[in-house]
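Swiss-Prot has this to say about the protein:
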DISULFID  C159-C210  disulfide bond
DISULFID  C243-C317  disulfide bond
DOMAIN    61-131  domain 'Ig-like V-type 1'
DOMAIN    138-222  domain 'Ig-like C1-type'
DOMAIN    235-328  domain 'Ig-like V-type 2'
CARBOHYD  N90  N-linked glycosylation site
CARBOHYD  N103  N-linked glycosylation site
CARBOHYD  N318  N-linked glycosylation site
REGION    383-414  region 'Disordered'
SIGNAL    1-22  signal peptide
TRANSMEM  345-365  transmembrane segment
Amino acid sequence: MKAQTALSFFLILITSLSGSQGIFPLAFFIYVPMNEQIVIGRLDEDIILPSSFERGSEVVIHWKYQDSYKVHSYYKGSDHLESQDPRYANRTSLFYNEIQNGNASLFFRRVSLLDEGIYTCYVGTAIQVITNKVVLKVGVFLTPVMKYEKRNTNSFLICSVLSVYPRPIITWKMDNTPISENNMEETGSLDSFSINSPLNITGSNSSYECTIENSLLKQTWTGRWTMKDGLHKMQSEHVSLSCQPVNDYFSPNQDFKVTWSRMKSGTFSVLAYYLSSSQNTIINESRFSWNKELINQSDFSMNLMDLNLSDSGEYLCNISSDEYTLLTIHTVHVEPSQETASHNKGLWILVPSAILAAFLLIWSVKCCRAQLEARRSRHPADGAQQERCCVPPGERCPSAPDNGEENVPLSGKV
């Protein structure tokens, strides 16, 4: 029934455009059954809806959405977009130089999820009418990420994707064994989904893997986490931390980024990063060093020189591309050197002793002044001598002679 309707529509349209009802008798028209194709597009990218026909004169092309909305119209050798639905304005065009060769494909710019659906192309020529159906499906898969977070005393791995459509398949593995994860956080909109999938790994030394799959786009992303054994170093020493990509995920022809970070107060500060696309290396820590020869061999191990006590903590190497994220974490414990420890021990003894001595001195001075003030108030005449005398409590200063003579040895008196 639909085919008959389409045929009648084009017979009327073509004959009316030719200016004569009798130029193309009905017997000369050939109806070609509808073909159906599926086209998959990505959000905000351009696509082509294919349609072809046998070459003929007086070509008429109409593209419609859901058989109702006019997407694009072409006849008499040019576009006629007066009745085009506004949502398609400035987004569609034909391959005009190829129409004469039987190409009625539609170039579609910046597709959105609202563009999903069935598109029908009606093509009429002087001798035939064809209809081609195209089913457009649109997918979204912004690059996911794997993050490591500290929440109070707990450690979490989080696999997240900011925008994805349709709803993805997320799986977790621990030491290559599938595990269940029931804490997925999902927010949806008309355009896409935003998904976070956290996993508590507190106290675990296992390796973890998260996979996010978009079945429509046939695209899979993998995040992998590995914890290395803890390292104990002395102050002023240096430490070497390994970071190498896994061959199963790494592709040398694919752009990627490497970032080394150190965690302090629950947040990571970037020590250095490397961009494969530009071979550019940025180092934010003067004691950090990379071996360029190793980098050329895809080995991103690093050295940190002249360690100090504040360097204790977690160090994270992140290798990321559009298809994977590889996280490697090291825990470094920096301990005081023996010289520093002995020095600190001496300070622990010396400082309290000095504080005690200072306290006793201050106390003695205060006591002495109090005694002098008390004696001055009882014997004002002896004030000058009392100011020069300070004795322990319970004792008195020697009394001055009553006759005013100077104190001399008894043997010196006449």
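Think of each number as a place in line: the chain as shown, counted from 1.
Cβ from N, Cα, C; glycine included.
This view paints the features noted in Swiss-Prot onto the structure.
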| residue | record | contacts (Cβ under 8 Å, 6+ apart) |
| --- | --- | --- |
| N90 | N-linked glycosylation site | R109 |
| N103 | N-linked glycosylation site | S51, S52, F95 |
| C159 | disulfide bond | P144, V145, M146, I170, W172, N196, S197, L199, C210, I212, G223 |
| C243 | disulfide bond | V258, W260, D299, F300, S301, M302, C317, I319, T328 |
| N318 | N-linked glycosylation site | K257, V258, T259, W260, S261, T325, L326, L327 |
Under the DSSP assignment, what numbers of helix, strand and coil residues are found in the domain 'Ig-like V-type 1' (61-131)?
12 helix, 33 strand, 26 coil
Can you work out the mean pLDDT of the predicted model over the domain 'Ig-like V-type 2' (235-328)?
90
Assigned conformation of C317 (disulfide bond) - DSSP reduced to three states:
strand
If you draw a 10 Å sphere around the Cβ of C317 (disulfide bond), how many other Cβ atoms fall inside it, taking every protein chain shown into account?
24
Structural state of C159 (disulfide bond), classified by DSSP into three states:
strand
